[in-house]
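Take a look at the structure set out below.
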Protein chains: 2
Amino acid sequence: MIRLDTQDAGFADAFAALVDARRESSDDVSRGVAAIIARVRAEGEEALVDLTRTLDRHDLNRTGWAIDPADCAAAYEALEPGLRAALDLAAARIRAYHERQKPADSDYRDDAGVRLGARWRPVDAAGLYVPGGRAAYPSSLLMNAIPARVAGVERLVMVTPTPDGQVNPLVLAAAHLVGITEIWRVGGAQAVAALAHGAGRIAPVDVVTGPGNAWVAEAKRQSYGVVGIDMVAGPSEIVVVADGANDPDWIAADLLSQAEHDTVTQSILFTDDAGFASRVADAVERQLSTLPTGAVARAAWDANGAIVVTTTLAEAMPLVDRLAPEHLQLAVDDPQALFDRVRHAGSVFLGRHTPEAIGDYVAGPNHVLPTGRRARFASGLSVLDFMKRTSFLGLDESALAELGPATVALAEAEGLPAHARSVALRLRLNR
Amino acid sequence: MIRLDTQDAGFADAFAALVDARRESSDDVSRGVAAIIARVRAEGEEALVDLTRTLDRHDLNRTGWAIDPADCAAAYEALEPGLRAALDLAAARIRAYHERQKPADSDYRDDAGVRLGARWRPVDAAGLYVPGGRAAYPSSLLMNAIPARVAGVERLVMVTPTPDGQVNPLVLAAAHLVGITEIWRVGGAQAVAALAHGAGRIAPVDVVTGPGNAWVAEAKRQSYGVVGIDMVAGPSEIVVVADGANDPDWIAADLLSQAEHDTVTQSILFTDDAGFASRVADAVERQLSTLPTGAVARAAWDANGAIVVTTTLAEAMPLVDRLAPEHLQLAVDDPQALFDRVRHAGSVFLGRHTPEAIGDYVAGPNHVLPTGRRARFASGLSVLDFMKRTSFLGLDESALAELGPATVALAEAEGLPAHARSVALRLRLNR
């Protein structure tokens, strides 16, 4: 953890270094991923069997390619009732929030008599990657599948590795809850390749979303354009802006909730109270000693954590914008005044009683958010990621008479005579 | 040109081959582009000077790095008045159409007392690539710049190569019309790298859009994630669905308006009238002989053109969906019935008096559209490409009491105890 003060000489350089610090893996997996994609395209199912045998240590033709929806239903029924109710609550609230994202079509006639508009339609099929092992989160499955469902996607396909053939019952339960019935036991770059290009029994999809390791992320990046993908995701991050009136333990827990995800995550506190800064630092140390995920969280906090002391909280806001954080908590009595100054953030958590973790699970907004300063230009996952817009245009003879001559002039100026001719013929101009 | 009939034996295979035909360059430019990006990142302006000297044959430090806005104003004033009026009309109509794309923010409180919403903001800076030479189209500049302006982007940067130092007056005039004042005389992959990463006097931007050759397209693809980009674009295509009551010459001109762009473009006619199909084929031949761009158009038509005869026009629609064309003309008296069956198309042109060329220039909808079957999942360029959405969330004590326990249950089930603790501490639960 580094501690900075805006009044220190050298603050500007130190903060710039914090902004520019790259936490993303620079491992060159791209050649390996390209080879896997090429293999899946050439060999189809055979490549999947072979790679799964090597990487996940089971034989798809023995364990079975698909996970039976009946197994998902059974996993859901077997959930401890409190947990099942929590999952139900989360799904219902995520659905309600995303229903409001459905875009409106337009269809109107303008002064020139031209009919204009745009029509949104869901993609035909979406593929959802769900990691295996430790990072297999049912909440992620809900956050990816529900927007697709709300968009109206008819075919929703899940791929997930099952190392040694083992499935994760929580993930199966979540799949049942959102009604996914096509589930393949394949993972890694080869699963993304199968979704993008198709491979035997796995028919290709139009959009691939969902979290994964560096190989999965690179496979999605290389498949961009063949299919749509959600944003390239990097390590998670949280920025907390807090005044001295907060309970240091609450804020410390918020910082650690990000740190426990992975050793490359980042947690940053901005405060206008130097004493509070120290109390939070102490509370972090105290909590780390009892946290079951303390080893990971400590590594992340030590390497990437920061506390920045500013003269006022207003002074913090342009600094926060430069970080464009994935998660931003504004832990003050009147968060609106600070929120009004935020330009770049994935999601904002307003006030002292809105810890970021609420947004990870049950609040409703999507927890798939732009990381690594991408909130400058990217948005969280939404219903729009599973839809596309078709514009349209209709002219009658009189509208064409009004717009045609300008089209002819521009097409000729651009050296495109067939463009000009397609209009001129209809206007009975001699060209 | 190939002619198919849905009643022929072998139609299914022949049509599948048409759908799968790849017209995109498979030239491996990716290594060359990666090298250029690495050079620009390492050497900054020096790399730009050197590459421009080699590729565009002029010295940036002599010809000047920037194009003077006064030169753009002069180019606009010097336009032939009819052409200037056409450009003005195009800009006004494009602006009016895109104004309607501006997304609405949301901010509401639900039954649990949770404040929820989403807020859209423009990106800070957008970079617009404008090709030099033959393909320097002022219309493309309008189509890329106006959505950014409507989004509210404050800094709009144009990069364009000026081979041998020569500028294109039409492009300068269009730049003046949309108010672009920051214009750099650099092109190619190096210009995209400078926009994405910054290079000396060229400050980095957040989004890069605009057409370019294979090197530019690959540089954008490799910069995806560092900045936002518009969709990877491939060769252009048009599908025309027409009954026998059309003038064959009109439809032939429509097919050729796409073919004249490039030898890799594709034009396909679907009709339910075999005699009309022959009349259009004859008209294409006749028009090719007098078309100034006939050599390019003939090469495209011969290699990639197709006429498909169906028993009914309704039969054509699922076939059109498989092609998911960039442009789709429905040249019939009642286009709505056919339009209702379209799932996948970039833009649709309704009726006999709506040639696609109208949409390229003055109608209003964007002409930057998904190609190569990408309309299955992608949309045309819009105001949304220059904005991003921040979700937000605000809970008070009572709302947290309602949602907190479910969050704790899910966080613990996922093995994330710090997530659970950040909520439990606020609920005064002992964890």
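Even glycines carry a Cβ here, placed using N, Cα and C.
Sequence-distant contacts of B:Y129 (NAD(+) binding site), defined as residues of its own chain at least six apart whose C-beta falls under 8 angstroms from its C-beta, comprise B:V159, B:T160, B:G187, B:A191, B:V192, B:L195, B:V208, B:T209, B:G210, B:P211, B:G212, B:V216, B:K220. In the three-state DSSP reading, B:Y129 (NAD(+) binding site) counts as strand. The feature NAD(+) binding site is assigned by TrEMBL to B:Y129, B:Q190, B:N213.
Taken from TrEMBL, the feature substrate binding site covers B:S236, B:Q258, B:H261, B:H327, B:D360, B:E414, B:H419. Contacts of B:E414 (substrate binding site) defined by a Cβ separation under 8 A and a same-chain sequence distance of 6+ are given as none. DSSP assigns B:E414 (substrate binding site) to coil, not to a helix or a strand.
DSSP assigns B:H419 (substrate binding site) to a helix. In sequence order, B:T407, B:A411 constitute the residues six or more apart from B:H419 (substrate binding site) in its chain with CB-CB distances below 8 Å. The Zn(2+) binding site feature in TrEMBL is assigned to B:Q258, B:H261, B:D360, B:H419.
All protein chains considered, the CB of B:E326 (active site, proton acceptor) has 29 other CB atoms within 10 Å. Look at TrEMBL and you will find B:E326 (among others) tagged as active site, proton acceptor.
For B:H327 (substrate binding site), applying a Cβ distance below 8 Å and a minimum sequence separation of six or more within one chain yields B:S236, B:E237, B:I238, B:V239, B:Q258, B:A345, B:G346, B:S347, B:F349, B:E356, B:G359, B:L369. Per TrEMBL, the feature active site, proton acceptor maps to B:H327 (among others).
Neighbour density at the Cβ, taken as the number of other Cβ atoms within 10 Å, is lowest among the binding-site residues B:Q190, B:N213, B:S236, B:Q258 for B:N213. Using a cut-off of under 8 A between C-beta atoms, the binding-site residues B:Y129, B:N213, B:S236, B:D360, B:E414, B:H419 that neighbour chain A are B:D360, B:E414, B:H419. Distances between the Cα of B:Q190 (NAD(+) binding site) and those of the recorded positions B:H261, B:E326, B:D360 are shortest for B:H261. Between B:N213 (NAD(+) binding site) and B:H261 (substrate binding site), the C-alpha separation comes to 13 Å.
Within the same chain, the residues at least 6 positions away from B:H261 (substrate binding site) whose Cβ sits under 8 Å from its Cβ are B:P235, B:S236, B:V296, B:A300, listed in sequence order.
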